[in-house]
Amino acid sequence: MTTPLITADLVAVDLVATDRDDATRQLIDLLAAAGRVTDADGFHADVRAREAQMATGMPGGIGLPHARSAHVTVPSLAVGKVPGGVDFGAPDGPATLVFLIAAPDSGDSAHLQILAALARRLVHESFRTSLKDAPDAATVAEIVTREVVPA
Amino acid sequence: MKLVAVTSCPTGIAHTYMAAEALEQAGRAAGHEVAVETQGAAGSMPLDPRVIADADGVIYAADLEVKDKDRFAGKPFVDVGVKKAVHDAPGVIAAAVAAVESGVPAPAATGHAAGTGPTGPTTKVDSNAGVGTRVRQWLMTGVSYMIPFVAAGGILIALSFMLAQLAWGDEGVVRVTEVPLDDLMTSFNVVSLQDWAVLLFQTGGVAFGFLVPVLSGFIAYAIADRPGLVPGFVGGSVSVLVGAGFLGGLVTGFLAGFVALWIARWKVPKGVRGVMPVVVIPLLSSFVVGLVMFVIIGRPIASLMDGLSSWLNGLSGSNLVLLGVLLGAMMGFDLGGPINKVAYTFAVTGLATEGLTADATQYKVMAAVMAAGMVAPLAMALATVVRKKLFTHAEQENGKAAWLLGASFISEGAIPFAAADPWRVIVSSVAGSAVTGGIVMAFGSTLRAPHGGIWVLPLIGNPLGFILAIVIGVVVMTAIVVALKSAKPNPLVEAEQAADEQAALVGQTA
């Protein structure tokens, strides 16, 4: 991988959001600023469409908006820590950790393996806890880069 | 307990893999082995068939249609959707275990999986190849399944002719076809050579009945996977019924494959999805293929045959050599198809004329037709010997059987070659057979039997001329087919040879 999945500037440690759409948008703006998303509005529409199919909230305070989109240039992850919580439709309450996964529409499978590995890590309680406990953006990015390696 | 699972989700990048990880974790925690196939955007690595065979139960945590669901047929299963597996994997595992313990089997899928191993019949299709190559691969898949039927049926019939000559004498090959089937079943006598000959003949005939259906069925299978089998076989049978021969079978194979593929891609409600491969696709696609073949293709073929027949009958009395060339070309064109049948029927009908003299035109016509019909399989057999590198392994094997089939006037021996590469083989077959037909007429050879090949040599007038005519036609056809095939190498053959070389290298270094 020439481009890492995540860097420190794709992490928002103190996100304040009115709702999941707002939280998603703030993370999308990070990706757009980093040049990983070419059209923030277009990508946002794709994520909304996915979210409308089935809410992506998971047990344990996780929100997982994601989409494959033509507006994405490289597989990317943006992470938002939302101390106040934001509802992602999970049965057990609002999410305090939001992962925005952006996948290019035409990505080859080698590219997408990294996202598969990320999704698998997300299931692990220890991984999520370490991210929640991480003190700053650089640590979050460092943990993801270290833990997420394609099988 | 051993479980297998399939996960998939609309986007294919997140829930597919989270569900897989969650199920594997929950399974381990509960002391079960769980193997998961993720059908996601990163491509899916199919489960090892042995793992599936060993599994006690199946978990479908899939929001998309499960690919190749037939692999899991007959095993107890739970169908939960991907979200449930992410949110409550331990609950899903528990439900699967309960399903296994209560022994709820999935509806049994098509029974043919049993004989062919858990992965089903192989195809020669590489989905990344270009259109031209894929068309060839579809054809070769059909041909490779057809070849054993050609060999088995053809050799049974050829053996039957040999035995019949022993059992009845000169007229044996005629007599063996006249014994009613009832007699064979009610009064089979193990010491009667005649009965054995009839048995071989009838069995070979039944095996031959599968040629076109198998060709058509497995072309459709290569295109559409299992949903293609039923319309493919049905279409092939209809092709035989309406007299369209193997060329009709090629048409039905492609038609059935694409219709089945199209229906399989319909978006249907979840409740209907389960019965799509077993009921809906075979039903609808067979109907479409039947409609097209009976209504749209059947009538033109029938009128074509009628037209050709009356035209041929009108030609009687004209130049005999030209008539021989024409009949030969027709025999070589579709190898048992409608054109071939018109020429053959024309000749056989002539035999029934009362009071023919020994050198009657009708006997010469029969000789020309039979000689021409022997050319294609013999020439293809010869071509596989002189230019082995132009043919796939399957074709080379078929070439060996084709010697006997050609010698016995079983034109079908050439069908595998013609089906795999229609225009090159048909062009050369028409040329070679026409040459033979014309020469037989010029030499004035005669024949009083409607079939039998070299086994009826005693019934042939001027047998040397007859054989010489065949040899010349075979050489002509072989030369043309080799030239045509050399001009444009077959990518499948090249791929096979590359694989062979690879294997040989590995063998040397090992």
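For all residues, glycine too, the Cβ spot is worked out from N, Cα and C.
Because TrEMBL annotations are produced automatically, they should be read as predictions rather than curated entries.
Taken from TrEMBL, the feature compositional bias 'Low complexity' applies to B:108-123. Here TrEMBL flags B:1-98 as domain 'PTS EIIB type-2'. The domain 'PTS EIIC type-2' annotation in TrEMBL covers B:135-494. For B:108-128, the entry in TrEMBL reads region 'Disordered'. Residues or ranges marked as transmembrane segment by TrEMBL: B:143-168, B:196-221, B:233-263, B:275-298, B:310-333, B:365-386, B:425-444, B:464-484.
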Have the transmembrane segment (B:310-333) and the transmembrane segment (B:275-298) got at least three CB pairs under 8 Å, pairs 6 or more apart in sequence?
no
Review point. Do at least three CB pairs under 8 A connect the transmembrane segment (B:365-386) and the transmembrane segment (B:464-484), leaving out pairs fewer than 6 apart in sequence?
Key: yes
Beyond a gap of at least 6 residues from its ends, the CB atoms lying under 8 Å from the transmembrane segment (B:233-263) belong to 138-139, 142, 209, 211-224, 227, 276, 280-282, 284-286, 288-290, 292-294, 297-298, 301-302, 305, 334-338, 340-341, 415, 418-419, 422
**Asked** Would you call the transmembrane segment (B:196-221) and the transmembrane segment (B:275-298) in contact, using three or more Cβ pairs under 8 Å, pairs 6 or more apart in sequence?
**Response** no
Per DSSP, the domain 'PTS EIIB type-2' (B:1-98) contains 41 helix, 23 strand, 34 coil
For the transmembrane segment (B:425-444), out of B:143-168, B:275-298, B:365-386, most C-beta pairs under 8 A are with B:365-386
In the same chain, residues at least 6 away from the ends of the transmembrane segment (B:365-386) whose Cβ sits under 8 Å of its Cβ atoms read 323-324, 327-329, 331-332, 335, 340, 343-344, 346-348, 350-351, 395-396, 398-400, 402-403, 405-407, 409-414, 417-418, 425, 428-429, 432-434, 436-438, 440-441, 445-453, 460-461, 466, 469-470, 473-475, 477-478, 481-482, 485
The mean pLDDT across the domain 'PTS EIIC type-2' (B:135-494) is 90
Spatial neighbours of the transmembrane segment (B:143-168) not adjacent in sequence (6+ beyond its ends, CB under 8 Å) are 121, 124, 175-176, 192-194, 196-201, 203-208, 210-211, 214-215, 217-218, 392, 394-395, 397-398, 401, 404-405, 407-408, 410, 412-413, 415-416, 419-420, 451-453, 455-456
